Amino acid sequence: MPSYTVTVATGSQWFAGTDDYIYLSLVGSAGCSEKHLLDKPFYNDFERGAVDSYDVTVDEELGDIQLIKIEKRKYWFRDDWYLKYITVKTPCGDYIEFPCYRWISGEGEIVLRDGQAKLACDDQIHILKQHRRKELETRQKQYRWMEWNPGFPLSIDAKCHKDLPRDIQFDSEKGVDFVLNYSKAMENLFINRFMHMFQSSWNDFADFEKIFVRISNTISERVMNHWQEDLMFGYQFLNGCNPVMIQRCLKLPDNLPVTTEMVECSLERQLTLEQEVEQGNIFIVDFKLLDGIDANKTDPCTLQFLAAPICLLYKNLANKIVPIAIQLNQVPGEENPIFLPSDAKYDWLLAKIWVRSSDFHVHQTITHLLRTHLVSEVFGIAMYRQLPAVHPIFKLLVAHVRFTIAINTKAREQLICEYGLFDKANATGGGGHVQMVQRAMQDLTYTSLCFPEAIKARGMDNMEDIPYYFYRDDGLLVWEAIKTFTAEVVGIYYESDQVVEEDQELQDFVKDVYMYGMRGKKASGFPKFIKTKEKLCEYLTMVIFTASAQHAAVNFGQLFLGTYPEEHFIEKPVKEAMARFRKNLDSIVSVIAERNKNKKLPYYYLSPDRIPNSVAI
């Protein structure tokens, strides 16, 4: 009688193993086997991290194995199991891989198909078409869109983390890691003392050092020692945590009545301010987004304030960017003066502090929360709703949305909700942060998420003219590496533009992002459909870059780009493309390391060995 060897790999996460009964059925082109209990006498099957093999003997030839069915039945108490993959060795010696990488909760059955990535047009067998359709029908019931706040990108329909589908929840290890990191962050910030300091009067600017009492690394120490200097202030707009605000000033704004006489002590080329603008030496950061946003009023004993500054900066003869004029609000007038470097020391310093405060609010709520976390959640939900696990684009993207929906759900539970951390420790808490996101959605466009176009749109693309913009330099290298990789993967599965256009699952994914993420706004520039391989490569590069590199540039990370621990792809050409991708990224690491070697303030946020795959890893 024909005999198959079935190998089962259990995940290595905490509590991934199971004591439940596991049954397996093989579904072939010539028939289906009976259920076989996978059990070895006097052996603890399916332990965490285990790889177990079983012989399955059938009565008759099954033909080509198309599906396998895994059924879990309770042995003692509720016991989740994380199944990595199953391989089947056929009687003729062929190996078939069935990737899973899913939790099987409670009692029930899952059906797996072999790991070869297939477009819908590649499936000609009815049972495979049916499996594909049922998977999406089930997912669309699990992954539902919800409006958390009017005007926001839609999010997952779940009130709290435990309401999420099991496969996208934090596993136990990640959950503990999240709690520990959250607690450590609070400890590092010394949050209670930090808040108390801001609710009482300060005696000296040296009190800033108390904030750093538990933060000790080269960069933070250098910033602490030099934060009052104009050079450091300008540098942070290029390579700090929010390097996306600065842009070349093409025309002095009407609501900033600054003159050459006011700033001539800062101009080094004996030119007028207007001439400096014409030569491209003037830059601007405008926080008009904050104009009229309500300051936090959740604590009646504490008055909090917001500014909406306009900051003018100058590229000096050393090609360094320094501030030359600051207006703290949008409407000029006697009560809204323009502050200058020639003003009294502390007047100028306080003006810069207000700008840095505004930069913090935009960074946290827009650059970080909206433009990486919330946007990546949209990609994740649309992916789960519209792309089956066998689809090559699902296999490509799944690592880049890992835990994204979970961490965003935690944020809605603990951080940005009413009475959350934003309300307790942020001047835009109490609703201001919600108003900011609603406004910023007007500027959330497709091209603004495409890194090269975003850099060019701000007039910051000339490397010789602006030589110390490492965020741009490193980001372009990483963008091109990702784009090269996605082009290889797309080329493997899509023979022509016509195949792209006729891939209905792909088009449904793109449409979901447009309709629910961008709320169907034509002005967003997000495509409703994709017609060419070239456009698909750009789109996928944007998705991956946003979730990985862009988030790394404005945050921190742990598991790195180019690392795919879950082997959803089994095809050799894709694995070879991944190897070339990693090699390309390694060369970028070397370039950045060499550049940083002799720098007192190195920039490494976009070094690929520090870029996480997703916003939550």
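Any Cβ shown, glycine's included, is placed from N, Cα and C.
Given the structure is predicted, the values throughout are model-derived calculations rather than measurements.
Lifted from TrEMBL, the feature list:
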type    : residues                       : note
BINDING : Gly17, Asp79, Asp80            : Ca(2+) 1 binding site
BINDING : Asp39                          : Ca(2+) 2 binding site
BINDING : His368, His373, His551, Ile617 : Fe cation binding site
DOMAIN  : 2-118                          : domain 'PLAT'
DOMAIN  : 118-564                        : domain 'Lipoxygenase'
DOMAIN  : 565-617                        : domain 'Lipoxygenase'
SITE    : Trp103                         : site 'Essential for stabilizing binding to COTL1'
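For the domain 'PLAT' (2-118), the model's pLDDT averages out at 91. Trp103 (site 'Essential for stabilizing binding to COTL1') and His551 (Fe cation binding site) are 27 Å apart (CA-CA, integer value). Within the domain 'PLAT' (2-118), the DSSP-based counts of helix, strand and coil residues read 0 helix, 61 strand, 56 coil. Distances between the Cα of Gly17 (Ca(2+) 1 binding site) and those of the recorded positions Asp39, Trp103, His368, His373 are shortest for Trp103. Distances between the Cα of Asp79 (Ca(2+) 1 binding site) and those of the recorded positions Asp39, Trp103, His368, His373 are shortest for Trp103. Other residues of the same chain near the Ca(2+) 1 site, with their Cβ within 8 Å of the Cβ centroid of Gly17, Asp79, Asp80, are Phe15, Ala16, Thr18, Asp19, Asp20, Phe46, Trp81, Tyr82. For the residue listed as 'Ca(2+) 2 binding site', the nearest neighbour among the recorded positions Asp80, Trp103, His368, His373, judged by Cα separation, is Asp80.
Of Trp103, His368, His373, all annotated as recorded positions, the residue with the shortest Cα distance to Asp80 (Ca(2+) 1 binding site) is Trp103. Just so you know, of the binding-site residues Asp39, Asp79, Asp80, the Cβ with the fewest other Cβ atoms around it within 10 Å is the one at Asp39. Note: the Cα of His368 (Fe cation binding site) and the Cα of Trp103 (site 'Essential for stabilizing binding to COTL1') are spaced 30 Å from each other.
With helix defined as DSSP H, G or I and strand as E or B, the domain 'Lipoxygenase' (565-617) counts 28 helix, 1 strand, 24 coil. Sequence-distant contacts of His373 (Fe cation binding site), defined by Cβ-Cβ distance under 8 angstroms and a gap of at least six in the same chain, are Thr404, Ile407, Asn408, Ala411, His551, Val615. Annotation for the binding-site residues His368, His551: lowest Cβ count within 10 Å of the residue's own Cβ, His368. Gly17 (Ca(2+) 1 binding site) has a Cβ environment of 21 other Cβ atoms inside 10 Å.
Neighbours of Trp103 (site 'Essential for stabilizing binding to COTL1'), defined as other CB atoms within 10 A of its CB across all chains, total 19.
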